[in-house]
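Peer 1: Input: one structure, supplied below.
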Amino acid sequence: MTDTGLSARRSAVHLLDQVLGENRLMAECLSAGALDHLPADDRARAQRLALETLRGLERADRLLQKHLRKPPALHIRNALRLGTVELCHGAAAHGVVNAMVQIVSAHKRHGPLKGLVNAVLRKIAADEPEQAWSHLRAPRLPKWLRAPLVQAWGSEAVSAMELAHLAGAPLDITGKPGADLGTLGGTKLPTGSVRLTNPGQVTALPGYDDGRWWVQDAAAALPGRILNPEPGMTVLDLCAAPGGKTLQLAAAGAIVTAVDSSEQRMKRLRENLARTGLTADLRVQDALQTEGTYDAILLDAPCSATGTIRRHPDLPHAKDGSEFGDLIALQAHMLAHAWTLLRPGGRMVFCTCSLLPDEGEVQIDEALGAHPDMTVDRDALARPGVDAAWITEEGGLRLRPDYWPDLGGMDGFYIACLRKDA
Ligand SMILES: C[S@@+](CC[C@H](N)C(=O)[O-])C[C@H]1O[C@@H](n2cnc3c(N)ncnc32)[C@H](O)[C@@H]1O
């Protein structure tokens, strides 16, 4: 790391300013080049610091509250939050305090508040920060999201999800069929993915360069396993990029057509195929304009992504749920259109990385009511490691971040396998 972490910390505060001040997702900030000026290790550190701060934001604010008569401007608050989180995670006090003071003093308008930053962070550092941190409750989701989740799953379950969100996510790997993943030194999960808790740089891991595996959360690997295409089947992967599921389908020997409307995300799918030596026909187009007839379809519809908060703690802060209604309507249109592309007797997997029943259970209930030739294929869910308790009333699979608490959790997902009458 260069300049004892100052550039990484400054960029992390800037990311926090964008997420919390401009309601931008971190992924948007990163693809707009927010960290492009940094060397690779500083980039990784800035991202990690911003994510840790967002995960622990409520705890940091509670500790800071004791030392602030009124909340200062957002940029100062974010520097204080980042400093507090670092101190509570055991970073050396002098490094953290000096860095935050330097960051604030370089700011034209807020520079005069460097004394406040210095004094508050010194007080936090003097007060057994690691212990104080661990005594606070897991940060709660904002009300706009917590309320519907409590209604759907109950408050005990939501508290367990919040604990999982605070813990963050390990790195899960899906291997090509028969690939030896033993050299990665991870844990084999019940569903077949390999989990690494301290992976370091992904591109340096054994087997990355020769394309033996790809990164994919264990829950996200299940839709492909449930569709389980036979070699030679024609499979349409709708909303495919960046392509974890496309790689699974292609590796199983299916003839895959992958559709996504985002050229930028499709570029990543192209790179993933090149690295793994797998093939698929890629089409940058609107899923609703897609034509043809396929033996099987995987529809991973755009959704609230509320199942991925362990890895994207910025989401509850950047969003307010106002666009979820449009997404829910789009999912229903996509499902209905995709159904017209499935050959009689074919199977379609519908999935979303969402915790909201409106983007899962309710969609399938409504689709079953609207399509007399549609049935749910419950047998398709009988895959290794799938717990019968995860199966829902209408025959889908509900996955939640608080499942597998001893193994490190999983992303929230909803998956259903639908069969068309022959
Ligand atoms: C949940 S992500 C897909 C993840 C992907 N299946 C994977 O496993 O890596 C949803 C995708 O839907 C795409 N998308 C959104 N609206 C679309 C549309 N109208 N037509 C096609 N793709 C769309 C987005 O670009 C995004 O890549």
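Each residue, glycine too, has its Cβ placed from N, Cα and C.
TrEMBL lists 133-421 with the feature domain 'SAM-dependent MTase RsmB/NOP-type'. The S-adenosyl-L-methionine binding site annotation in TrEMBL covers C239, A240, A241, P242, G243, G244, K245, D260, D300. Sequence annotations record features per position, and here TrEMBL assigns active site, nucleophile to C353.
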Peer 1: Report the same-chain neighbours of C239 (S-adenosyl-L-methionine binding site): residues 6+ apart in sequence with Cβ closer than 8 Å to its Cβ, ordered by sequence.
Peer 2: V259, D260, A287, L299, D300, A301, P302, M334
Peer 1: Whole-number Å only: compute the distance from the Cα of K245 (S-adenosyl-L-methionine binding site) to the Cα of C353 (active site, nucleophile).
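Peer 2: With the alpha carbons as reference points, the distance is 13 Å.
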Peer 1: Mind giving me a neighbour count for D300 (S-adenosyl-L-methionine binding site)? Other Cβ atoms within 10 Å of its Cβ, every protein chain shown.
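Peer 2: Around the Cβ of D300 (S-adenosyl-L-methionine binding site), 25 other Cβ atoms lie within 10 Å.
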Peer 1: Look at each of the binding-site residues, A241, G243, K245, and point out the one with the fewest other Cβ atoms around it within 10 Å.
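Peer 2: Selected from the binding-site residues A241, G243, K245 on minimum Cβ neighbours within 10 Å: A241.
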Peer 1: What three-state secondary structure does DSSP assign to C353 (active site, nucleophile)?
Peer 2: coil
Peer 1: In whole Å, note down how far the CA of C353 (active site, nucleophile) lies from the CA of G243 (S-adenosyl-L-methionine binding site).
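Peer 2: The Cα atom of G243 (S-adenosyl-L-methionine binding site) is 14 Å away from the Cα atom of C353 (active site, nucleophile).
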Peer 1: Largest pairwise Cα distance, Å, within the listed S-adenosyl-L-methionine binders C239, A240, A241, P242, G243, G244, K245, D260, D300?
Peer 2: 13
Peer 1: Taking the Cα atoms as reference points, how far is C353 (active site, nucleophile) from A241 (S-adenosyl-L-methionine binding site) in Å?
Peer 2: 14
Peer 1: If the S-adenosyl-L-methionine site is taken as the center of the Cβ atoms of C239, A240, A241, P242, G243, G244, K245, D260, D300, which further residues of that chain fall within 8 Å of it by their Cβ?
Peer 2: D237, T246, A258, R265, L269
Peer 1: Using DSSP with the three-state reduction, classify A241 (S-adenosyl-L-methionine binding site) as helix, strand or coil.
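Peer 2: It is coil.
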Peer 1: Restricting to the domain 'SAM-dependent MTase RsmB/NOP-type' (133-421), report the mean pLDDT as a whole number.
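Peer 2: The answer is 97, the mean pLDDT of the model over that range.
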